[in-house]
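The region 'Disordered' annotation in Swiss-Prot covers 1-29. Annotated 3-methylthioaspartic acid per Swiss-Prot: Asp90, in sequence order.
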Amino acid sequence: MPTINQLVRRPRRPRESANKAPALQHNPQKRAVCVKVYTTTPKKPNSALRKVARVRIAGYGSEVIAYIPGEGHNLQEHSVVLIRGGRVKDLPGVRYHIVRGALDAKGVQGRKKARSKYGVKRGV
């Protein structure tokens, strides 16, 4: 434990919180290119085939795994996508989401509710 004198000379510094989405480099979103599009299984107790893509971030070169939200998608290798932060709790290592309705990722077909989250225009 430091003495009062030591604390006067060098005060305590607050601990910096860890960056949850380091590959975005403090940007809200980044453009990326799909390297591999595949499905993976969640950890216990859940069971499904979750759609994910391994993407290479443009102008940065690092590869991360991003989740493809919604039912059905049109993504394949070399698709250009927009990624945002946000992890998927039951998929270890997936810390990014692909933004639907931006760049090559089309919006979810037939979506009626929560449309803004899935890139769907207001069908009149």
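Just so you know, glycine gets a Cβ as well, placed from its N, Cα and C.
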Checked against DSSP, the composition of the region 'Disordered' (1-29) is 9 helix, 1 strand, 19 coil
Restricting to the chain of Asp90 (3-methylthioaspartic acid) and a gap of 6 or more, list residues whose Cβ falls under 8 Å of its Cβ, or answer none. Pro42, Lys43, Asn46, Arg50
In the three-state scheme derived from DSSP, which category covers Asp90 (3-methylthioaspartic acid)? coil
